[in-house]
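Quick look at what Swiss-Prot annotates:
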BINDING   Lys125  substrate binding site
BINDING   Lys125, Gly240, Val241, Ser263, Thr264, Gly265, Lys266, Tyr281, Phe330, Val331, Val332, Arg377, Ala378  NADP(+) binding site
TRANSIT   1-60  transit peptide
Amino acid sequence: MEALLSSTTLQLKPLHPPSSFSSLHSPFSSISVLRVKGSKKAETFIQRSNFSTVLPLRVSASSQAAAAETSTSISIPSEMKAWSYTDYGSVDVLKLESNVAVPDIKEDQVLIKIVAAALNPVDFKRRLGKFKATDSPLPTVPGYDVAGVVVKVGSQVKGLKEGDEVYGDIHEKALDGPKQFGSLAEYTAVEEKLVALKPKNLSFAEAAALPLAIETAYEGLEKAGFSSGKSILVLGGAGGVGSLVIQLAKHVFGASKVAATSSTGKLELLKSLGADLAIDYTKENFEDLPDKFDVVYDSVGQGEKAVKVVKEGGSVVVLTGAVTPPGFRFVVTSNGEMLKKLNPYLESGKVKPVIDPKGPFSFDKVVDAFSYLETGRATGKVVIHPIP
């Protein structure tokens, strides 16, 4: 940490999040919370490590819970098409399989016929084997974000029925044993509590672009203590998370001022999302701005610079970066209740998904979609649609 703020002697103490944070957890990664104390100021750092199903191609009986006793009026095949990998590695390990077993559901789950999915950095980092220690066994069908139609419900499911159009992040814990069955398939099984009814005004492709990114954006703002009347600087405002941070800060939390950075060609997008100040990082250094901000939300990994523009006592949310002891780590979780909470803002159009103009990518172009995502140049989300 001395390298991060070389002019300041730092003392780190772990923060214990208030109980009010427990209800709306982000599935994006684990979060570490550090309080940094200097001689003149204190900032709070929330650092995230970006981290991403059965192929029973076959899963042993011990690895799957007994299927729920359910019935369905919808015809469901025994096998499906799905993208999978049996070894960790580059995009070359991804294979499109046509005889993957459709997953069974547990009593608290629904089976979703997937219409659209979206990719996140966690997906390719998981594929690269960054999280082997806590990953589910190979083979893996990747994918977190999903939008589709419920075709079967478990015996304990109360709030959803066959035919409901839903969306969500299917992995309750992003890093701790995520499912083998992800969303890059024709079907997936997911707990009822992790999904919500799709906003009526959104297409399946638009809905699939939201879950992981909007939960990450909302969670970061909440944990940073952001509230009405505060100012925020968003680094990487045109990305999947950054584009939603701008909108949530402005239209949900009531920010007094929203500034954001992007390349030259994306400045108008920032303004359309609600940014009061759009900064071209190819021509300007945001750390030279005359004003400081209550919160800096760093989605691109510029923590050293971010701390230079935060107010005394302000907060910095960082989506990339190592945890420095004695900071502690805890795993955040997906929660459909948060999606329900944001539904009015989505259906009113105050908060909108941003889909990269190169997409949506068709289901047979998943390798191209991964390759594009890994360039780091995507605007908004990389979406896969339709999924046959």
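Yeah, the Cβs are placed from backbone N, Cα and C, and that goes for glycine too.
Cα-Cα distance from Ala378 (NADP(+) binding site) to Lys125 (substrate binding site): 16 Å (rounded to the nearest whole number). If you measure from the Cα atom of Thr264 (NADP(+) binding site) to that of Lys125 (substrate binding site), you get 28 Å. The Cβ neighbour count for Lys125 (substrate binding site), using a 10 Å radius over every protein chain in view, is 18. Annotation for the binding-site residues Val241, Ala378: lowest Cβ count within 10 Å of the residue's own Cβ, Ala378.
When each of the binding-site residues Thr264, Lys266 is scored by how many other Cβ atoms sit within 10 Å of its Cβ, Thr264 comes out lowest.
With respect to their backbone Cα atoms, Val241 (NADP(+) binding site) and Lys125 (substrate binding site) stand 17 Å from each other. Lys125 (substrate binding site) sits 26 Å from Lys266 (NADP(+) binding site), taking the C-alpha atoms as the reference points. Mapped onto three states, the DSSP output places Thr264 (NADP(+) binding site) in helix.
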